[in-house]
Amino acid sequence: MTQTWNLLQAGQERNYKVAYINARIIDPETKLDIEGSLLTEGSKIIDFGESLFSNGVPSGVDETINCEGLVLMPGLVDIHVHFREPGQEHKETIYTGSKSAAAGGVTTVVCQPNTTPAIDSVILAKYLKYRALETSHVNIEFYAKITTSEEKLTEVALLKEAGAVGFTDDGIPVMNPMIMRQALLYSSMLNVPIAQHAEDLNLSAGGAINEGKISEALGVKGILSASESVMVSRDILLMKDIENVHYHILHISSKDSLDAVKRAKDLGLNVTCEVTPHHFTLTEDIVKQHGAIAKMNPPLRTEEDRLAMVEGLKTGVIDCIATDHAPHDRSSKDLPLESAAFGIVGLETMLPLSLELYHSGQIDLFDILAKLTYKPADIIHVPRGRVQKNFVADLTLVDLNYEWEIKIDSFASKSKNSPFGGRKVKGRVVRTIVSGKTVYSQK
């Protein structure tokens with residue numbers, strides 16, 4: 001297998017035309033599913049259809065890509081990644097993280113602000129944007145911090161003007177309810193999501209894995225499931241009387257939290273949530289096998305919780321899938337459970353793990369792809385994740401039925417902390433296109 005990457009930088013040349021022929025073209029939003037061809041010019045999708053190029057590709061096309069046996073679909077959108085820049089470049093950088101994203105078919109990511117220093121000022125926001133323009137393979141968006149040192153609100157309006165698509169203190173929760181209430185009021189004024197790492201630290205402090213049979217068997221302090229659902233319930237109460245507010249829950253993991261979200265949605269509240277592939281594929285049981293490699297926050301929970309996540313994806317209570325891509329070097333993970341860092345990498349496994357729900361007949365393909373493309377894009381109000389005329393040409397070419405084994409040593413990410421090594425999956429990214437430009441391909 002030969003893999004090739006290209007930096008995005010300015011994107012495709014303005015008038016450069018690419019014809020994608022013999023493709024199965026899927027757009028989850030419009031329920032489009034056809035056999036046909038698609039034409040891009042520069043950064044845009046110009047045309048597509050079953051009869052396009054039926055008389056052959058015209059001479060004015062610069063490049064023709066035969067997609068026989070492959071699915072051409074919107075580029076994936078991951079609204080929860082940690083690229084560790086600035087401050088922890090030994091774990092990941094925008095360059096290596098975006099390379100990992102491209103290999104996973106992800107064309108847009110949202111970087112979390114818990115870097116060193118944190119993205120809590122306009123200067124740091126501008127620095128991040130500059131680094132992204134210089135070194136990224138994919139579109140880089142970012143959340144800015146809700147608070148400065150967890151004590152007071154950041155300059156939320158100025159940070160939005162500087163490019164922030166939302167606000168979070170991810171890695172830790174906003175514990176102070178008055179500060180959270182103020183942030184939610186800004187959400188209403190500025191039309192941005194306030195994204196909460198839902199965890200009451202009074203119920204979780206010092207915990208390493210889910211509180212339950214595995215934590216008891218291993219003799220380590222557990223993280224109570226209620227630490228998440230209590231915070232979710234608190235925040236829903238804080239936002240319920242604010243008009244035009246958007247509250248988003250990061251990496252939801254417990255059945256009780258999901259029940260609270262469903263109740264809020266039934267009341268018409270603008271509450272959205274994301275789930276990671278590891279929370280709908282794995283349980284706390286694998287900690288016995290993988291140790292600290294399977295340590296993340298929120299932790300892997302029970303089979304009942306896992307099944308609730310799958311059901312939430314089926315019913316639409318869960319709005320999207322996101323990785324919480326959290327790279328760590330070996331020295332951060334080769335430690336006892338209590339001392340090791342939280343988190344796993346996920347960009348290169350998100351698509352095949354999500355497709356397990358399709359291949360097993362649990363969830364419709366349109367529904368899975370929707371939660372990987374336009375639905376996360378809509379949460380952050382970014383016009384991505386669609387195959388439609390005159391839309392930006394962010395595309396992923398996938399062999400839907402290709403069977404392969406996950407090999408973590410081959411990841412493009414600088415870090416290899418994943419419990420999925422050796423897992424057999426179906427669905428492989430063949431090519432990733434951002435703004436009409438191929439940024440990743442493999443043969």
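Using the three backbone atoms N, Cα and C, a Cβ is placed for every residue, glycine included.
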Which of His137, His246, His251 belongs with Asp170, His197 in the Zn(2+) 2 site listed by Swiss-Prot: His251
Given Swiss-Prot lists His80, His82, Asp170 for Zn(2+) 1, the same-site residue among Asp324, Asp329, Asp334: Asp324
Identity of the substrate-site residue among Asn270, Asn297, Asn390, Asn401 (reference: His82, Phe83, Arg84, Asn114, His328, Phe342, Gly343, source: Swiss-Prot): Asn297
Fewest other Cβ within 10 angstroms of its own Cβ, chosen from the binding-site residues His80, His82, His197: His197
CB contacts for Asp170 (Zn(2+) 1 binding site) [other CB atoms within 10 A, all chains]: 20
When distances run from the Cα of Phe83 (substrate binding site) to each of the recorded positions Asp170, His197, His251, Asp324, the nearest one: Asp324
Phe83, Phe342 as binding-site residues, winner by CB count within 10 A: Phe83
Rounded Cα separation (Å) that holds between Asp170 (Zn(2+) 1 binding site) and His251 (Zn(2+) 2 binding site): 10
Integer Å distance between the CA atoms belonging to His328 (substrate binding site) and His82 (Zn(2+) 1 binding site): 10
Residue with minimal Cβ packing [other Cβ atoms within 10 Å] among the binding-site residues Arg84, His251: His251
